[in-house]
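Going by Swiss-Prot, these are the annotated features:
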- 5-635: domain 'PFL' (DOMAIN)
- 419: active site, S-acetylcysteine intermediate (ACT_SITE)
- 420: active site, cysteine radical intermediate (ACT_SITE)
- 642-770: domain 'Glycine radical' (DOMAIN)
- 745: glycine radical (MOD_RES)
């Protein structure tokens, strides 16, 4: 082992050594130094006076945002970079963890590298004009990601975007879904990481000179140079707050602060749709435990550090357009913190700090950010399981993902969730985010020969429409299969263009600087409208579905398409997804597998491995608006079921049947995640608090139960609340300033939703029996 320098000796005193001291290996550090905790929550401390004062100050701004549905303030003059803004504070004298995206709390910045039109539109919507100098620079001199994408898009892709058969593509905003290993800055200090990056850069010289994979080698060398530069700027930004982060952190406060500065660099330089925080709780616990044992801090002070970190994560803001908000409602950032789970060696990764992170929901009230994500295992300590159930019942603010499914799949216990349901190994994998394709609309294209049922224009391949008086399942399925081939090709082509241009014009240097040199990439496609498509095909197969044909007119009343199936008459009953009926559940599983296999056949940018999610965020409302009447009886414009959820009100056999249907969806063909949002009224869980906690924990054990022959569910949002409370919150928002609920893949402050989105949430199934 090489000799440690004096700063490393000081910072690492008392830690068990290992490979982590020679190489960047945070997992090795954690495994050799963390303390599993199987006790209860009785050790937890309440908020300090400083925490309460700071949070009250922040809440004043949040209340204004909720009321106005607008930013508190934004800077329309300064393109945001790691070092663009002067230091900002809530109250410098009270903050234990410092750092804001701009110079004022909740003030937003502009990020024009992704696209100048979106920035200009955001400014205009909120009554300001983008600085003309910025517009000139990013129009005449500096090409943006958005411009690059639209220079290359095909007419077919543009039609798919217009119709809504592809929606939410990250072609005008930051793609996100990349998790920097922010822990590295705390463990090693920036100087060590810069030296490591220079070694990576130098390691490519021979390949460069020999012409090995020439274009890829040149690109990677340039990217590493940008990463090295970003680390230098990170150091500069931290220095503006009075901190020298050249060397490793020496105590818990520094470890949290160093780590947060690294994340702050990411969110100052990128406005990705999901800017996840990673898996930090157990790492932080190592430092807190060392300080507690040395008598340097008390439990109250430890909790205060965690509260102040979480407070900062609650304050992340980006300037968005109303169109973006329709897709991703309620200002989500997906500052996802992944906690708990089990280690490969059988020890739990639950620590006291896992409890502290969840306890912030009590010390500062509920909040949608950070997106607290619990990796559930049947082997988790019983005390922790009961505490999780208590938190869900009290706050409806956390989500659960199946560690027993994903840990063996990765053969790794240091993965985290990006955004909502997307797992990746921290610092070693990244994702090319791909939004989602509309399977319900694809089915209508199959029936109508590629004519869009809303616009009347030819979007899909021009084929003869199905003219049968009663739809035949085999005929429809054959056509559907062909249209899924077409859609997969349009989808992957669009994503290849998007991610080539994002790498070229809006590269995430600050995030990728905290990754290994050679990164495993996934191309994360997605599907929406699964339950609509499955129920529609079930209706065609098991009932009688007669198309009602008619003309489609444009907004001026001109006929643009004739003899199009614009509605459907259904005779008889049909099995509906969400009731543990294999007749329809098998159709849903087939659609997932079928579309994934089609995507897997196609060539991807940077040889990214194709994956797929069943996830909608809140775009289930937008998709519904863009999709006409469907053969399952759903009316034109009505929202889809979110994520992998059954359609609203169709899961009629109770919680277990609904959960069982969703758990059947094959993770092997949806490794980017399968989102299920579950709402249950408190009384359905039990008559008293103890019974409710026990039953909810048991329900999750059952849903996530995983073995070789029976796959467990992958994801579960849990809401425990009554519909009446949500109705009251719609009418009296001031009574519920922090009311938080789970929606597809994330949490949202109920008051930040539009009335239409609130109504969609209220009309969803609230399970009243197990």
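The count begins at 1 with the first shown residue.
Cβ coordinates come from backbone N, Cα and C, glycine included.
Non-local contacts of the residue listed as 'glycine radical' by the CB criterion (under 8 A, 6+ apart in sequence, same chain) comprise 399, 419, 420, 421, 615, 616, 617, 643, 673, 675, 715, 717. With a 10 A radius on its CB, the residue listed as 'active site, cysteine radical intermediate' counts 29 other CB atoms from all the protein chains. Counted with DSSP, the domain 'Glycine radical' (642-770) comes out as 56 helix, 21 strand, 52 coil.
Averaged across the domain 'PFL' (5-635), pLDDT for the predicted model comes to 98.
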